[in-house]
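Some features that Swiss-Prot has for this protein:
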- 1-35: topological domain 'Extracellular' (TOPO_DOM)
- 36-56: transmembrane segment (TRANSMEM)
- 57-68: topological domain 'Cytoplasmic' (TOPO_DOM)
- 69-89: transmembrane segment (TRANSMEM)
- 90-150: topological domain 'Extracellular' (TOPO_DOM)
- C104-C189: disulfide bond (DISULFID)
- N145: N-linked glycosylation site (CARBOHYD)
- 151-168: transmembrane segment (TRANSMEM)
- 169-172: topological domain 'Cytoplasmic' (TOPO_DOM)
- 173-186: region 'Extracellular Loop 2 (ECL2)' (REGION)
- 173-193: transmembrane segment (TRANSMEM)
- 194-198: topological domain 'Extracellular' (TOPO_DOM)
- 199-223: transmembrane segment (TRANSMEM)
- 224-257: topological domain 'Cytoplasmic' (TOPO_DOM)
- 258-278: transmembrane segment (TRANSMEM)
- 279-287: topological domain 'Extracellular' (TOPO_DOM)
- 288-308: transmembrane segment (TRANSMEM)
- 309-343: topological domain 'Cytoplasmic' (TOPO_DOM)
Amino acid sequence: MDLTYIPEDLSSCPKFVNKILSSHQPLFSCPGDNVFGYDWSHDYPLFGNLVIMVSISHFKQLHSPTNFLILSMATTDFLLGFVIMPYSIMRSVESCWYFGDGFCKFHTSFDMMLRLTSIFHLCSIAIDRFYAVCYPLHYTTKMTNSTIKQLLAFCWSVPALFSFGLVLSEADVSGMQSYKILVACFNFCALTFNKFWGTILFTTCFFTPGSIMVGIYGKIFIVSKQHARVISHVPENTKGAVKKHLSKKKDRKAAKTLGIVMGVFLACWLPCFLAVLIDPYLDYSTPILILDLLVWLRYFNSTCNPLIHGFFNPWFQKAFKYIVSGKIFSSHSETANLFPEAH
């Protein structure tokens, strides 16, 4: 946002608001008052993540450490779509915040908490996959139910304490008198960070977990290649030839999945955190339209998560068929076999 012409006091508010309104084009253009229900960016995260939540909760065959992490992440993304995004859509459409400063602080705190929680879940899933691929014999002793509970407690509690503590204390806008004038003049409601907290947020909430994920997935990719080379020495005229084909196929799928996970993560989050880091040093000169686009780019990650971690897996596809066909309401459907190839 351009804070160059922020007035020094509230007496110049009308002139300032007219200037901003004349230069700002809303991100969405929706006729009528119903901007909640008909936008794919709001509906799909709700639907996709709800399917993941129902599938893992209902089908006992999906009760595994990895899937419990995915279930928790889907809950995070569902809450983002259900609680946060409707108000964000209204803010983007109307270019204004109508719900007061108190609810603005709750909205921005909860928004940041859920987004950071989603990132922490991605990092936890990477750790889980690391043990599953690199140390398969030790996986069941490392990734126990107790370990998963500790990871989930960390993924939820740390972002909650950080986000609500930062926003409610107004430490993120400390020393930014122009921000307070902007809120008073313009009914402004958006996450804004000063130089110190912008740097802290970039380092601890993006660079550190992102580096961990890149390192872990790089290691997984290398180990998968090593496994494939070992299996390639199995004689073709043995039963191992079939396992060789399946392992190579799984290796290619694993490499593809890893590429998609990291590609989507970096595409959705790198521009956003770069703006958080750089914008304070540019005197907040980034146009509001660009900031709006970055907000929705972050939300887009919640749309991609159920696709990457759920629907690309054949057992979730079968669970989805059970749900849409209504078979999920039949007796003993929770014990349905979603892995027929295993028998």
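Using the three backbone atoms N, Cα and C, a Cβ is placed for every residue, glycine included.
Keep in mind that what you see is a predicted model, and the values were worked out from it rather than measured.
Using a cut-off of 8 Å between Cβ atoms, the transmembrane segment (288-308) and the transmembrane segment (199-223) share fewer than three residue pairs, counting only pairs 6 or more apart in sequence.
If you take every residue in the topological domain 'Cytoplasmic' (169-172) and average the pLDDT, you get 91. Counting residues of the topological domain 'Extracellular' (90-150) by DSSP class, helix then strand then coil, yields 53 helix, 0 strand, 8 coil. With DSSP classes pooled into helix, strand and coil, the tally for the topological domain 'Extracellular' (194-198) is 4 helix, 0 strand, 1 coil. Listed by sequence, the residues of this chain that lie at least six past the ends of the topological domain 'Cytoplasmic' (309-343) yet keep a Cβ under 8 A from its Cβ atoms are 48, 51-52, 54-55, 58-62, 70, 73-74, 125, 257.
The residue listed as 'N-linked glycosylation site': 9 other CB atoms within 10 A of its CB, across all protein chains. Here the topological domain 'Cytoplasmic' (169-172) has Cβ contacts under 8 Å with residues 191-194, 197 of the same chain, all six or more residues outside its ends. Cβ atoms under 8 Å from those of the topological domain 'Cytoplasmic' (57-68) belong to residues 125, 128-129, 132, 143-145, 147-148, 152, 315-316, 319, 322, 328, 333-339 of the same chain, restricted to positions at least 6 beyond its ends. Geometry remark: C189 (disulfide bond) versus the residue listed as 'N-linked glycosylation site', CA distance 40 Å. Each residue in the topological domain 'Cytoplasmic' (57-68) gets a DSSP state, and the totals come to 9 helix, 0 strand, 3 coil.
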